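Annotated features, as they stand in TrEMBL:
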- Gly165, Arg166, Ser167: NADP(+) binding site (BINDING)
- 6-120: domain 'Tetrahydrofolate dehydrogenase/cyclohydrolase catalytic' (DOMAIN)
- 139-280: domain 'Tetrahydrofolate dehydrogenase/cyclohydrolase NAD(P)-binding' (DOMAIN)
Amino acid sequence: MTAEIISGKEIAAKKRLELAKEVEKLKAQGITPGLAVILVGDNHASKTYVRNKQKACHELGMYSLLVELPEEVSEEELLKKIDELNNDPVIHGILVQLPLPKHIDEKKVIDTISPTKDVDGFHPVNIGKMMTGENGFLPCTPFGIIVMLEDTGISVAGKHAVVVGRSNIVGKPVGQLLLNRHATVTYCHSKTENLKHYTQTADILVVAVGIANFIKADHIKEGAVVIDVGMNRNEAGKLCGDVDFEEVSKKAGYITPVPNGVGPMTITMLMYNTVKAAAESINR
Ligand SMILES: NC(=O)C1=CN([C@@H]2O[C@H](COP(=O)(O)OP(=O)(O)OC[C@H]3O[C@@H](n4cnc5c(N)ncnc54)[C@H](OP(=O)(O)O)[C@@H]3O)[C@@H](O)[C@H]2O)C=CC1
Ligand SMILES: Nc1nc(=O)c2c([nH]1)NC[C@@H]1CN(c3ccc(C(=O)N[C@@H](CCC(=O)O)C(=O)O)cc3)C=[N+]21
Ligand SMILES: [Mg+2]
């Protein structure tokens, strides 16, 4: 079997057209959705992502504010900045690019963002709402994966979904969203014994590990849906995922590429959440 490639780039472009219309409607009501991105220090990869986020904002006619803080900024100063943005009416969404320097407590930072502006969906209030299925902000990468599956017409209910990775920003929430859509979910991580035993039974395999070409053809079942979240550089410095695309794409039913897979969907859902935050700000 040769896998069908799920183009995150194309699905993202389609969703952004719909979003652009929503932005116009809001603007007609006098509200321009505004996203503030806080970048601490100068991590090269972070800068690329942040640039992509700003570009997406501008293409949609949204307002974007980039707050660049030096690596040495104190935790107190960062929290003060967040508080300022929490109270700024032109800002509807706040994103603090992770990871943060070691002297800053990530948990404290996330807890300081107003849940109504937490467009990353990382605040405990939004995580709780996701778990119980209440209206809130869904984390962008997991949400983007669900939208990709939906758009491709892949049904989730009753399927065995295996998630490799259990980070708070990708692995754990993507498993929860798949469960909410009635998949049978298995989580694997670095302590999992006999990983292949689980991945080989996956109808839907989501990989968020951070190791280049980690998943090989013999990890998967013939015809499986393979979602590659990884963003790595290989020995040659080329961007690549956690899945060995070359060999896995010959066996899978569907596969997402890197680049142009999950990445563009993450950014699109960030825009979606910011537009949602702006729309909901009207009724407050
Ligand atoms: N495309 C996009 O939009 C995004 C891409 N990414 C990319 O996705 C990847 C994962 O990101 P993130 O979740 O933040 O990463 P983390 O480093 O936070 O988590 C990695 C997870 O992989 C698990 N793991 C590590 N080694 C193994 C192994 N040998 N076998 C099984 N599991 C293993 C870890 O297990 P344990 O918990 O036991 O340590 C951990 O749960 C990265 O490449 C990142 O750059 C991230 C966010 C968005
Ligand atoms: N608070 C916070 N929220 C995040 O959502 C967040 C974060 N911190 N820290 C880092 C990760 C990573 N992430 C990506 C977003 C887009 C691409 C993306 O656009 N990727 C392109 C290619 C990018 C390139 O060319 O380098 C693609 O896959 O086609 C990748 C990765 C968001 N993250
Ligand atoms: Mg990608």
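Glycine too: its Cβ is placed from the backbone N, Cα and C atoms.
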Helix-strand-coil residue split for the domain 'Tetrahydrofolate dehydrogenase/cyclohydrolase NAD(P)-binding' (139-280), DSSP-based: 54 helix, 26 strand, 62 coil
Counting across all protein chains shown, how many other Cβ atoms sit within 10 Å of the Cβ of Arg166 (NADP(+) binding site)? 18
Checking the binding-site residues Gly165, Ser167 for other Cβ atoms within 10 Å of each Cβ, the smallest tally belongs to Ser167
Given the NADP(+) site Gly165, Arg166, Ser167, its other Cβ neighbours within 8 Å of the Cβ centroid, in chain order, are Val163, Val164, Asn168, Val170, Gly171, Lys172, Tyr187, His189, Ala208, Val209
Averaged pLDDT, computed only over the residues in the domain 'Tetrahydrofolate dehydrogenase/cyclohydrolase NAD(P)-binding' (139-280): 98
Kindly report the helix/strand/coil residue split of the domain 'Tetrahydrofolate dehydrogenase/cyclohydrolase catalytic' (6-120) according to DSSP, in that order. 56 helix, 18 strand, 41 coil
